[in-house]
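Here is what Swiss-Prot says about this protein:
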- C35: heme c binding site (BINDING)
- H86, H187: heme b 2 binding site (BINDING)
- H100, H202: heme b 1 binding site (BINDING)
- 32-52: transmembrane segment (TRANSMEM)
- 90-110: transmembrane segment (TRANSMEM)
- 116-136: transmembrane segment (TRANSMEM)
- 186-206: transmembrane segment (TRANSMEM)
Amino acid sequence: MSKVYDWFQERLSIQDIADDITSKYVPPHVNIFYCLGGMTLTCFLVQVATGFAMTFYYRPTVAEAFSSVEYMMTQVNFGWLIRSLHRWSASMMVLMMILHIFRVYLTGGFKKPRELTWITGVILGVLTVSFGVTGYSLPWDQVGYWACKIVTGVPEAIPVVGSSLVELLRGDVSVGQATLTRFYSLHTLVLPVLSLVFMLAHFLMIRKQGISGPL
C-alpha cells in the first residue's frame, strides 16, 4: 500500500490536499446547528443514489408510469425500500434546508462578505423545491396528475404571457405525455446538473471565506 500511496503522492501531492482539508480552522462558537447544511447534502446524496437505482425500472409514459412504480414496490427486490428512502429523504432534505436557511439568517451568515454564498444557497433552495414539484408527479397517480395540473396552471394568472408559459410547462395545452416527459427530464437531468454547479460554487465560497463569526 505504501508504494501505491507514494506513487500518487509523487504525482498529485495528495498529502498537501489532505492537510489543507483537515487543518481548516473551525470557530469555537460552532455547534450542532452548523451541521444542517451537511445534513441537507447527505439527503441529496441519498436522493441521487436511490433515484439512479429507480431509473432502471421507472418508465416515463402516461400508460406505464404508475404500473412501473407499482412493479418496483411489489416485485423488485428491496424496491420498496429504495423508493421509500427516496421519498423520506426528499422530505428530510426540504426540512434540513429550511432549518439551514433559518440558522444562516439568524446568525447573520448572509452578511458581507458572504452575500454570494447566500445567493447560491437561495438558488439551491429553489432547485430543491423544484425537485419536489417535478418528482411528486412522476408516479402519475391521481395525486401526481392533479398536482401537476394545478402547478402548471398557476402561471395562467400572469397577464399577457400566462397562457404561453402554461403551454411551455405542459408541452401542450393540456397535461399529458409531453408534460410527464418534461418533468422527468427536469427531475433527472436538468435540476441535478444545476444543483451540482451551484453546490460546487456554494462549497468553494464557504471554503474560501470560512464559517461566519458569532453575532
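Backbone N, Cα and C define each Cβ position, glycine as well.
Here the features listed in Swiss-Prot are painted onto the structure.
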{"residue": "C35", "record": "heme c binding site", "Cβ contacts under 8 Å, 6 or more apart": "none"}
{"residue": "H86", "record": "heme b 2 binding site", "Cβ contacts under 8 Å, 6 or more apart": "V46, Q47, T50, G51, M54"}
{"residue": "H100", "record": "heme b 1 binding site", "Cβ contacts under 8 Å, 6 or more apart": "L36, G37, M39, T40, G121"}
{"residue": "H187", "record": "heme b 2 binding site", "Cβ contacts under 8 Å, 6 or more apart": "F131, T134, G135, L138"}
{"residue": "H202", "record": "heme b 1 binding site", "Cβ contacts under 8 Å, 6 or more apart": "T117, T120, G121, L124"}
Who are the long-range neighbours of the transmembrane segment (116-136) in its own chain, taking Cβ under 8 Å and residues 6 or more past its ends? 47, 90, 93-94, 97, 100-101, 104, 109-110, 143-144, 147-148, 151, 183-184, 186-187, 191, 194-195, 198-199, 201-202, 205-206, 209
